[in-house]
Every structure is written in structure tokens, then in C-alpha cells.
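According to TrEMBL, the protein carries these features:
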- 554-570: compositional bias 'Low complexity' (COMPBIAS)
- 576-593: compositional bias 'Polar residues' (COMPBIAS)
- 27-220: domain 'Poly(A) polymerase nucleotidyltransferase' (DOMAIN)
- 225-369: domain 'Poly(A) polymerase central' (DOMAIN)
- 373-434: domain 'Poly(A) polymerase RNA-binding' (DOMAIN)
- 1-22: region 'Disordered' (REGION)
- 499-593: region 'Disordered' (REGION)
Amino acid sequence: MWSTTQKKNAKSQPQQQQQQQNPITLGMTSAISIALPKPQDIAKSLELEEALKPYDVFETEQELGHRMMILSKLFELVKQWIKEVSIARNMPENVAENVGGKIYTFGSYRLGVHHKGADIDALCVAPRHIYREDYFSTFFELLKQQPEVTELRAVEEAFVPVIKMNFDGIEIDMLFARLLIKEISDTMDLQDDVLLKNLDQKCVRSLNGCRVTDEILRLVPNIDNFRLALRAIKLWAKKHGIYSNVLGYLGGVSWAMLVARTCQLYPNAAPAILVHKFFLVFSRWKWPQPVLLKQPSSISLGFPVWDPRVNIQDRYHLMPIITPAYPQQNSTFNVSVSTRSIMVEEFKSGLQITEDIMLGAHGWDRLFEPPPFFMKYRHFIVLLVSAPTPDDHLEWSGLVESKIRLLIGTLERNPHIMLVHINPESFSHLESQSDSNNTCSLWFIGLDFAKTENLNVDLTFDIQQFTENVNRHAINIKMLKEGMKLEARHVKRKQLSQYLSPSILKRERKTSSNASVKNGSESRKRTSDGGSAEGPVPKKTRITEEVQTQSFEDTSNASLNDDSNSNLSLTDEHSSSTNMPQSADSTTQAVCT
């Protein structure tokens, strides 16, 4: 916990004061401020830690111990498996005993910011005489024999091949990498770039997670402060519906890199200040300027790296956040015009909320209140994904989710659509509307249309093309089974009660109403203070004062035009439907107005 580490760090204050007098350069630029925390900053950070506890973002010592025990068992299984395979390949037993093999972790668990019940991202590293085919055959069979292992499945053809399992109650995603060395010692560090030489792409991708995570931890000035700030930002992003790499928002590693960059700019700041500075920095960031934690590596081993000077496609990335380990990649290539616009607006809202929190006007709970989604738009596309069994539905909905961003991109290209807002939360179908023989879930896409007289927009072709592409892909990978269905419907806000429970809509209306009341009272207060009712009067805090002269951007060769987004809507509408081919077994309804 952050509060306990603070007591240990109190003794190092004189050392920090000495550090404050020296210029600090972390990452691509020098720090904006190296000021030490004030007592009120520490107090706000302790309040933040307490505010996070009800959301189950911390595990008990017992739960952490359980995870360590599971990883220890997996490590023993890996060593046993590698020894058995080595002996089967005529290696002397005494040599096979020492060839090693190791389990590494990455992601939220390795960063130290996982929540209760979170999965563990792990990597099995083996010596050169052990192959991926062995991992997905003999090791998979060994896992099958373990009584603690359930829900075991292999995804060998994935972009990053993985074995998924539940090991004694904890979900584990386990990758595999084969290094071109004779032995894997228990102390091996994966940060040496030379280890990647002559490896295949799948091994490099598998290693990348561990290398990036370890490099992030190495590049932040204070790991404990980084962790508490990142826990807060991840919870905020989830509550505000912008945590999903697959749907075009940011995933865990991207949020970690943004918080890490904030820590580099304010190396001595307490976690509460880091959260506040996070919103300050990225609400004013000049996208598509990239976020970089360090100068890109100059090593060249033949693997593709993010470089807009060389790769034309890299110039069109809208919100580049570049991983710090070779080969450098953009972790946000899925971001679209709409999702970037939505996230920037959330950054601005977060800045306003945290300024109020720092001034004592609100508690930290205000930051984690979900904003209204269904009250924000008048028109929606609803994707209904159904399958005959829960297992089939899990597989089918995963495929559909991975393709939704393609539909978003298509809709964004329609000149009459100003914004496409996908809610990353999937909802269960109402019992009164669902088929008892099927498992069904729903995704909602909010649409903002251009405000035009007699507007007539027909999205039949776009939606039909999306459903056909999904079904075609499912057929190609031999996933599509009888009873798997994908249906798209246009729904107006007043029809949402047919798809969502009354409690969800009631909560949305209450949130929307409260927001209107707060905005109205704040507007009246600003007017009475001599300000304008049309816009907020900037608060003269030490945080906002910094931005008078500071430009938040890193050096980049990327160059794109800014996009613009409007809040507009339709005046009336009617629906039509198009039947899918029999093999697709899907229904499409167009939006026509």
C-alpha cells in the first residue's frame, strides 16, 4: 500500500531535497517541476488511496500469496516439461536437469496495479531445442492433467499465440517464446536486445509484453507513486467507458505509458498531484504528436518499428503512444477520429473535476462517477450477438468485438455522421426479449448526425457489409456454428427500454439530471462572480499557471491535420431491414431518415 511505503520514504527527504537542486531529465524532455510534495499533497494522496479501496483495486496479502503460489507451481511444471522433452530428444538426464526454463509476468500484475480477481499475463521462455509445437502439444497435455487447471484452451493461430486457463481460481494467459540459447537461467534478464536476433516474429511479439513492462518500471522515477496514480487512472478510464484497446480506446499498457510520462514530467510529485497533472498534460497534448518515454533504440535487427519518416502508414496514426522497448510499436493504432475525440473530452472533464477536488470542492469519488451515455445520444445502432451455448457465445462475441472498430471506421467516413461512440460495456438481453435457448449480449453505438434539413441517411449497405465480413471471417477460421447470429438494429433513445433494464436507464437519467443541476449552479456562480455564463473562469491554481508557458509535446516527425467533431442530431427517422445470406444467418436494419 502507498501509505505504508510513505513512512519508509520519509527518511529520504534530505536526499530528495539535494536532488531537487539538480536538473532532472527523464524521458524525452526535462521535468516541468521537481517540487517536493507539500503536506496537503500527501493528505490528498492518502484520501485517494482510501477512495480506491471500495472498488476492489487492492488485494490482501493472502490473495497476493495465492498468486505467488500459482506462479510457483507453473514454474515447476515448465521445468518438468522442458526436462522431459529434452530427455525425449536424447539429451543426457544430468544435462536436461540444467537447461532451465522460466516463467515471466507482464501487464498489470507485473506493474503491481492488478485488481482483485484480475488475470495474470505470463510468458514461458524455453531454450532453443524446445519449439512452439511442443508448447501447444506436450505442455498443453501436461496442463490437462493438473487438477487445479480448468477452462483450458489453446489459441495457436492468434497474432500472439496463447494458452488460456483457469489455474486454481485465477485466469492466466500464457505466451511462449523460444530463445536461441542453450540454457535459460533463473536470473535471466530479457532486456538485452541481442536476445531477439534471428527470432521469429511470434517469439518477438511474445517477448515484447515483458520487455515493455520492465522498461516502463525502469523509466519512472518513483514506482510507488506511479502505481497509485495508475490505479486511479485505470479505474477512471473504466468507469468513463474509454478502457478498451480492441474497440479503439486505450488498453492497459497505453494508460501505463501515459501515467509514466506524467511521472517523468513531475518526478517528485505525490500520487494525487500526478493524477491531476495527468489530466492537465493530456487535455492539452498536441495529438498526433507521439508520447515517448525515451529516445527510440538505434539498434536494427530487421524487425519493423514505428517510424513515420520511413513507414507511410505510421503518419496516419491519430494518437501514437510508443512502447519503450525495441522493436518500438504504437500501442494505439486502433484509435479512430471518434474515439480520440471522446477521450480528449474526457481528459478535459477530468481536469475540471480534479481541480475541484484539489480545491476541496469534491471528494475523489466524483472522479469515478460514470458519465451518462444513453442520455447523450438520440440515435443508436444496437449489435445483438447470440449463440446457443455460453461457451459458443464467449467465442462468438469475442470475434464480433474485435471487428466493431471496422464498423466504426466505416460509419466515420459517412459525411452525415459527426461522431460514432461505442460503449465498451456489453449488456445482457432483457429476459422478456431473449430466447431461453440462446445466450445473447448487446453493444450500443451512439450516433451524432449532422444537423441538416430533410436529411436522409441510409446505412443499410455499411451495416450489411460489416455483418457479412464478420461471418465470412468466422467461416474462414472455422468458428461459425449453427445458431450463431449477429443482428444490427437502429434504435431511438425512447426505444432503449426494450433492450435495457429500468435500473440502468433510471441511473442514467439521475446522473444526467444531476450533471445539469451542477452545471447550472456553477454557471450561476460564475456569473455572480463577474464571469461569463458561457464558459468557466480559469482557477488560478499552481497547476493551471504552469500551462501558461508549457507546451506538452515530444519531438515527432508525424504530421496530421486536426479533426473536428460536432454535437448534432437527426429530426425524424424510419427503419428498413435487409436479410443476410443463409450462410451468414444475420439480420440487418438500416438507419433511414
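Every residue, even glycine, has its Cβ placed from backbone N, Cα and C.
Curation plays no part in TrEMBL annotations; they are all automatic predictions.
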Calculate the per-residue pLDDT averaged over the domain 'Poly(A) polymerase RNA-binding' (373-434) and state the result as an integer.
91
DSSP-wise, what's the residue breakdown of the domain 'Poly(A) polymerase central' (225-369) into helix, strand and coil?
74 helix, 7 strand, 64 coil
Can you tell me how the residues of the domain 'Poly(A) polymerase RNA-binding' (373-434) break down into helix, strand and coil by DSSP?
23 helix, 17 strand, 22 coil
